[in-house]
Amino acid sequence: MEAEGMLPPQSLSAKFEGSFAYLTVRDRLPTILTKVVDTLHRNKDNFYKEYGEEGTEAEKRAISFLSRLRNELQTDKPVLALTDNAEDTQAWNEYMERQQDLMENGQLVSWFKSPWLYVECYMYRRIQEALYMNPPMHNFDPFKEGKTQSYFESQQAIKYLCTYLQELITNMENMTEIQLRENFLKLIQVSLWGNKCDLSISAGQDNSQKLSPIDSLPDLQRFILVDDSSMVWSTLVASQGSRSSGMKHARVDIILDNAGFELVTDLVLADFLISSGLAKQIRFHGKSIPWFVSDVTKQDFEWTIKQTMAANHKWMSASGVQWKHFMKEGTWSYHDHPFWTLPHEFCDMTVDAANLYSTLQTSDLILFKGDLNYRKLTGDRKWEHTVRFDQALRGFQPAPLCSLRTLKADVQVGLQAGHAEKLSTQDPDWMTNGKYAVVQFSSPHREQ
């Protein structure tokens, strides 16, 4: 736990004019809302065909709701309590009250004055409220089109990756531990760089992967600022016991980020972990509602496996069939606890989602994918870049964990002294352009 009396640094916020948080709230969030409105409008004929006049009226009401929301955001209006009586409504409204208690000089919680992490998460929850409040549309995913497009536009890279995976599986029994480690490290890096494909950062523009992911790795190595991959490997090897005896049933939890190509890289890594015996069980954690434009929902997860099974490519199809089998037999499982779509820092989990924390404590390794998970791990705060990753977690230590993240927000810890300054000179946007990455590991058993 963090030292008693030590206050964490300030939250990143749009109140710091000119900051990345400010530019995101001012420019990118309204753009995303506009795209959601456009998506609803383009689907109005489908709503009418499926639900008749009720669908048409629901679409109009949702668009009106979202247009008001965009105005509230752009004019820095106070944040409003949710009114949709969903499973998480009370948790959201209680969190708003907590934020209000932190405001100074009688100010109200608002878009440009409150923590960026909170208001950005809140925007996506309000989009969901617009759908919840108009029942025929409550299951509509306004981001589905972009996610499926990302998958299809990355077909060539997916073919390369599935072919590579199937070759590995064919030769698995003859692999030495050195070869196994080498291929594990490659697939960790593929999963890491798969995170570059983030539609919320590009505000929904094409951000697909078209090159061979494996061939790209040597050129990308120098952009990894912290690489704790070897510690991840050591943790897995220690947790599974002897490879031949298979005495321990190691479980890996993967906290997913983006659908499309990135999800495929995660599935390939998970397949390798099972097929190699490095893990006996994989638990995937996704989002229960459409989230941050490209995040994985249960529908995206199932759709991706189904599409890969149906591919007109031998090794893609073989991979999809195997993944379906893993799900059916329970080797893989998908979970979407509501905490993942709350605005909380992960250090709040012990109190605000104790059941989820208890579940994660039984894991042998937790992989946190992507930028938003990193922001929640570190509290999205103005940490010094040299602060240890363990310290920035502020006591969140359910099990050995690793963040696989390409940098898309101006929070980064665990760097050597002088490294951030050197990067700022070479590339002023190094924290936000998705060009750099980290593989950062922390364990409750690790010596500090």
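The backbone N, Cα and C atoms fix where each Cβ goes, and this holds for glycine too.
Remember, predicted model here, so these are calculated numbers, not experimental data.
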Check: Which is it, of 181-184, 317-320, 369-372, 405-408, that Swiss-Prot names as motif 'Subfamily III RTxK motif'?
Finding: 405-408
Checklist line | Local Cβ density at ASP371 (substrate binding site) - other Cβ atoms counted within 10 Å | finding: 23
Next item on the list: Determine which residues of the chain contact the motif 'Subfamily III RTxK motif' (405-408) at the Cβ level, with the cut-off under 8 Å and only residues 6 or more beyond its ends counted.
Entry: 192-193, 195-196, 198, 201, 225, 368-371, 373-374, 430-438, 440
Notebook entry, point to check: Can you tell me how far the Cα of LEU372 (substrate binding site) sits from the Cα of ASP295 (Mn(2+) binding site), in Å?
Noted result: 10
Next item on the list: Between the Cα atoms of ASN258 (substrate binding site) and ASP295 (Mn(2+) binding site), find the distance and write it as a whole number of Å.
Entry: 4
Check: Far apart in sequence but close in space: which same-chain residues, 6 or more away, have a Cβ under 8 Å from ASP295 (Mn(2+) binding site)?
Finding: LEU256, ASP257, ASN258, ALA259, GLY286, LYS287, LEU372
Next item on the list: Between the Cα atoms of ASN373 (substrate binding site) and GLU262 (S-adenosyl-L-methionine binding site), find the distance and write it as a whole number of Å.
Entry: 14
